[in-house]
Amino acid sequence: MHQIQDQRKKKVLASCFRRIGRCTVSCILVLLTQFALTLVPHFFPASSLLIQLTLSVVVLVFVLGLGRWCRRIVGVYASAPALVLFNLIFIWAVYSFIVRRAIPYFINIVFNIEVTLLFLGVCSILSSDPGLVTHGSSDANKLIETKAFGVEAHYESSALLKRVRYCKSCKAYIKGFDHHCPAFGNCIGQNNYVLFMILLVGFLTTEASYIVCLSQFSRGSQILDGTWVETDLAGSLVVSTMLFSLLQVIWQVVFFTWHLYCICFNIRTDEWINWKKYPEFQLVIQSQPGESFTRVMFKNPYDNGYLQNVKEFLSVKG
């Protein structure tokens, strides 16, 4: 009995040390990335915004590749959710210690509220249930019966088992599965899709607000006092975090637009990519006389029009 308890304690301790190690690596990688980005405005201060953005992409790719190579040697990998949180903390620290002094009181309050809500949202989605079909539930029992007959996990007559898909990362069945999000370390499914979209809006709003604050800061940068080195480092941090935020906004706008499309047409990312795996998305066209093959085309059986699709998305409950 004591041996079993000791083994459990050892497993818990090993898990804790592993998480601490991953968080430590993530923190170091964020600091290395952010300070590497300061080299762009430091050495190319007169370059255009487009050139600086391009150079920032090159720096990011180089640092991330170097970090991956170093992590393989050390044997400890970073945590994607920790990277998200530490980047957010770093941006907030730059704002609090440098940018905030040039920002009006009301805008300062609004921005801090946005960041706080974003933190709460990220923490919520990390532990949220995406629509997991747990072992022993009625959903799981029906799913097992379905698989026993070799039928795809789709019940038109059962709302509970509607569009249940398998996530290879989590090794679990998820209702309304869209994709596995590495940034949040969780699946995005029926129960947390709305929260996921709210978080995307939150990131875009907060990053756009930060860029606006930087514009305000650039106009009132004369309030910075101290030595030349301090001012130069502060200015480089401001510009580099602005470049980082702009890159984030660019790809997140594309990502958000894609998910708006999916919502309007009532289709999931997994279904769009792997539609040939799901029979309900396949329209078989019989061959014409003289042809020796049949064509399989895509069809969306869940598309009920924009308004109904959006209404269904907003009315889904976990």
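Positions of Cβ are set from backbone N, Cα and C atoms, glycine also.
Keep in mind it's a predicted model, so treat the numbers as computed, not measured.
Per TrEMBL, the features are:
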DOMAIN    162-276  domain 'Palmitoyltransferase DHHC'
TRANSMEM  20-43  transmembrane segment
TRANSMEM  49-67  transmembrane segment
TRANSMEM  74-99  transmembrane segment
TRANSMEM  105-126  transmembrane segment
TRANSMEM  193-217  transmembrane segment
TRANSMEM  237-258  transmembrane segment
Chain residues outside the transmembrane segment (193-217) and at least six past its termini with a C-beta under 8 angstroms from it:
91, 95, 98-99, 102-104, 107, 110-111, 114-115, 117-118, 121-122, 124-125, 128, 176, 178, 181, 184, 238, 241-242, 245-246, 248-249, 252-253, 255-256, 259, 263, 313-314, 316
Residues in the domain 'Palmitoyltransferase DHHC' (162-276) grouped by DSSP into helix, strand and remaining coil:
74 helix, 14 strand, 27 coil
